[in-house]
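Okay, handing you the structure first.
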């Protein structure tokens, strides 16, 4: 099933709703901490010292509840607290722990060597420093404890709600941060845990209840949906007896230039392996006889080009008059180059085509230079990697890498549908935001993005212009990389192999 995640402010509002229902905040904290302690005990059965790092807020209060329940089970527990002035439910949790004979050390009164010795002798550490309670850079005693933890401790680590050092909504690094083996999150997963870099620091995620039914206090619509291979069975492409090529839909690929002839054919291969009924590959006329035999299953359409071998705006007239009313999805940009002819063609298509359009590769660079025409009528999906996204947003690749949710939201607000490629690719249109938890570094090879653009085109042609179709395509592409890696192809793969493997994944959906 998909992972439905919520922004921290929505979960805080859910807590308030539970209180309005008559469940006191202290009871919610007790339920959450007790459930987390059960998960921790069942998973680790700690026989040595357990060190629980408690921050100043409610996450620290959760930590005190966990400490008490682990102590009740017989664990040797020491709490290292950054606060000497707790209030409210957090203070009550500390008082109950102390009343049971619990041991608390104020971090400000313990030297670095003493903290290091305490952590170095632990068999388990629980991070209850901040959870989702920080939006700024980690500092003070919290930063000090995290730095000492990273220097001196290498054993299992459990985070409560979110690993310290990462934003609960965006997953952005807040400076120094912990890497958990297990994150016990309360009521529902937090959105930030779905995005890198936080995703790579969460470890296994377990959701613990707080004593109220989630459906009564959380919004009906999640802020972020995480999808992966297990969800493919719910996204199957339509197929029935008597289905023909027309039912499967036509994908038209428009690309190629004097320098890059193979890219559009890789997109055509992706579309075919992604299940399209027909694929038309429109390329500069000089490339048609050279590359056409590489993908004989596609129909190659020679198109007008200039003296450099780049497509011109007249290419749209040819493809529109030949196939316009039959095209269900258009893929534009692979290998197109960035010359004046290509730029004119992109502007022409954006202004003329009123169906689904997947804009990729050089088409994105042209879009960054010229902007989206005011008269654009197409249903646009852009598929940038982080460098192309940076060009479209007028920022740096580093910013995009470090702020993937913010980048995807900015792109979607400007251009419509977006697939921000990379670790945990982000799919977004309107307010619907999905994160695809599938993929492998072996996918970072030339032509991989061209193949993905074709698979997206095929999924849209089969399922319609819906976010689910795009998510399915991105999952297929990601799982193809994972399957190749598991078969010994963790490096040195070819883009065409990704397409072929995606077809095998697609064909095996009945086994999901």
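Heads up, the Cβ atoms here are built off N, Cα and C, so glycines get one too.
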Of the residue ranges 58-62, 223-227, which one carries the region 'NADPHX 1' annotation in Swiss-Prot?
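Checked against Swiss-Prot: region 'NADPHX 1' maps to 58-62.
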Under a criterion of Cβ-Cβ distance under 8 Å and sequence separation of at least 6, what residues of the same chain contact residue 164 (K(+) binding site)?
55, 127, 129, 130, 131, 134, 138, 142, 146, 177, 178
Go through the chain and flag residues at least 6 beyond the ends of the region 'NADPHX 1' (131-137) whose CB is under 8 A from any CB in it; none is fine as an answer.
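8, 11, 55, 57-59, 62, 160-162, 164, 167-169, 174-175, 190, 192.
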Measure from the CA atom of residue 335 ((6S)-NADPHX 2 binding site) to the CA atom of residue 449 (ADP binding site) and give the result in Å, rounded to a whole number.
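If we compare the Cα positions of residue 449 (ADP binding site) and residue 335 ((6S)-NADPHX 2 binding site), the gap is 11 Å.
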Could you round the CA separation between residue 450 ((6S)-NADPHX 2 binding site) and residue 161 ((6S)-NADPHX 1 binding site) to a whole angstrom and send it over?
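Per the Cα atoms, residue 450 ((6S)-NADPHX 2 binding site) and residue 161 ((6S)-NADPHX 1 binding site) stand 38 Å apart.
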Minimum Cβ neighbour count within 10 Å among the binding-site residues 335, 441, 447, 449: which residue?
441
Using C-alpha atoms only, work out the spacing between residue 161 ((6S)-NADPHX 1 binding site) and residue 443 (ADP binding site) and round it to an integer in Å.
31
